[in-house]
Amino acid sequence: MGIETEFGVTCTFHGHRRLSPDEVARYLFRRVVSWGRSSNVFLRNGARLYLDVGSHPEYATAECDSLIQLVNHDRAGERVLEELLIDAEARLAEEGIGGDIYLFKNNTDSAGNSYGCHENFLVARAGEFSRISDVLLPFLVTRQLICGAGKVLQTPKAATFCLSQRAEHIWEGVSSATTRSRPIINTRDEPHADAEKYRRLHVIVGDSNMAETTTMLKVGSAALVLEMIEAGVSFRDFALDNPIRAIREVSHDVTGKKPVRLAGGRQASALDIQREYHAKAVEHLRNREPDPQVEQVVDLWGRTLDAVEAQDFAKVDTEIDWVIKRKLFQRYQDRHGFDLSDPKIAQLDLAYHDIKRGRGVFDVLQRKGLVKRVTEDETIDDAVENPPQTTRAKLRGDFITAAQAAGRDFTVDWVHLKLNDQAQRTVLCKDPFRSVDERVERLIASM
């Protein structure tokens, strides 16, 4: 599993000189380019850091094989970007450009642009992809009910609270495009592994989450549904009449009870659909090896659905992003008498996703103990420096660390490790589960 996160970037200036988003992004990545000779690099912890289309910094975690490991490495991405932010602000100050840089782990900006949080799952090549997409699509359309990041949407009539930031920007169900049409599931076949054994399922519909528990639920529930599909579990047919209309309808309904149209004229609510998937997950747990992390996911999944059904969120208001955010807005409105259309609510919405510690609203809530965690600061710090020790990422991270220490010129990607010397020595690592490889050890020893 892995998560790719694009960050929103902006800068407020104290003086007269202004910088475009492109220029701000270049300041952010100046330190990266100075050592990596590129704005597209792999790090010692196995992750990829690069400047994506539209001046959005993007962090792709290393391959992870457990949910807690993935959450730690996702949070490590925030720390890596925060370091770049602090360094860039110092450079601006040195050049007499007073300004504060903001990086937001969200999915929309004030101009209506959207940027993503993509989940990657390694699935077996065997079997029909259409079965995966048929079962997964209704799940993903309604999953925002349990793991949306929440958003205040300004409409011509009034401001309204929505479950998902990403839902309004999705235009296809299944497609090979990522930016033009923004599908729910991307079918571009780039397994980054042995293509005869595996395919990489690329889910681009999810919101960027701040709460660790929500990230764990988002990825863990999807991974469990995929596991059940591969195990041959049968699901009720929830094929949607129009997934693009449905995803918006679900996002606008915090009760989860409004019916969406299914194929053939049937109807079901988001709550109905999620209840079915959750019930199958509970049943599946009885037949699989015990895993406390997966059990934690299924427990939170069920509690969140119960909270939505009862419209009583007290038992999940420290664990689910959209619930945390909605409670924050309601308290702010009660205190100041604002309605949702007030610019200060929009400002609070954005500040929730500010990744700078001590400034971002989510970080303030976390420091006050108002959101639940599954990591420790120490484990996140470790993930900033070190790759997962149980996947191929360890080979990549060890190789990069050794090559940098030896001052060697090298090239890496997800599957290749290459020393750029006269011999052009390259090792191909096609097994994402393999963390020990004699060929890589010999390559490192040769430096």
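The backbone N, Cα and C atoms fix where each Cβ goes, glycine too.
Note that the structure is predicted; figures quoted are calculated from it, not measured.
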Identity of the ATP-site residue among T61, T379, T390 (reference: R48, W414, source: Swiss-Prot): T61
Conformational class of E58 (Mg(2+) binding site) under the three-state DSSP mapping: strand
Cβ contacts of E4 (Mg(2+) binding site) (under 8 Å, same chain, 6 or more positions away): E58, Y59, A60, T61, G116, C117, H118, N120
For ATP, residues beyond R48, T61, W414 with C-beta within 8 angstroms of the site's Cβ centre include exactly G2, E4, F42, G46, A47, A60, A62, E63, A393
Roughly how many Å separate the Cα of W414 (ATP binding site) from that of Y50 (Mg(2+) binding site), to the nearest whole number? 14
